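**Q** There's a structure below that I have some questions on.
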């Protein structure tokens with residue numbers, strides 16, 4: 001299928017205008033080089049030449065000729081800007097930028113992984129601590145309750161010992177002594193008994209006094225023979 005082209009009698013295309021020729025109905029440059037952008041074909045013509053550009057466009061399919069024309073314009077502009085490297089200079093520069101950006105991206109990803117690992121480690125540590133705390137809670141409660149039970153026993157023992165000491169040191173009070181019966185009224189002795197007892201007592205008293213040895217009186221100048229051995 002061919003594309004119908006009519007003669008551009010108003011304004012020729014940029015290629016025909018630069019080449020100063022009549023723009024034919026089947027001009028290969030007319031659909032791709034507008035007369036409003038003459039600098040594009042000027043760059044392509046200077047670098048590649050009009051005949052070479054026409055051949056390259058004719059070798060490509062009709063659906064890809066627009067892209068081929070644009071790439072030729074881009075290459076021509078870069079070649080004019082950098083006669084040594086041309087497109088290669090731009091490509092290498094873009095590759096260096098890509099490598100630099102890729103290194104930055106890798107560094108950022110490494111930092112993100114570090115933060116993720118730190119968060120995961122912190123979460124795992126917190127989980128372990130909470131699990132250990134929950135596992136140790138019953139033992140801690142038992143340990144906390146044990147001194148209370150021991151203290152209660154000690155208090156009970158102390159109370160019992162104090163009560164025992166009090167029981168030992170403080171004996172129970174003695175019961176009150178029984179009431180003695182009132183003595184009977186003494187009966188008076190008979191007169192005969194009184195006379196007999198008085199006579200007996202007087203006789204015994206006289207016998208006692210009569211049995212005492214007689215006293216011997218000694219003068220100051222008399223020495224008996226009994227006391228001589230004590231002075232020999």
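Counting starts with 1 at the first residue shown.
Cβ atoms here come from the backbone N, Cα and C positions, even for glycine.
According to TrEMBL, the protein carries these features:
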DOMAIN    11-112  domain 'LOB'
COILED    91-118  coiled coil
REGION    135-232  region 'Disordered'
COMPBIAS  138-169  compositional bias 'Low complexity'
COMPBIAS  170-189  compositional bias 'Pro residues'
COMPBIAS  190-211  compositional bias 'Low complexity'
COMPBIAS  212-232  compositional bias 'Polar residues'
**Q** Write out how many residues of the domain 'LOB' (11-112) are helix, how many strand and how many coil, based on DSSP.
**A** 72 helix, 0 strand, 30 coil
**Q** Restricting to the coiled coil (91-118), what is the model's mean pLDDT?
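**A** Mean pLDDT across the coiled coil (91-118) comes out at 94.
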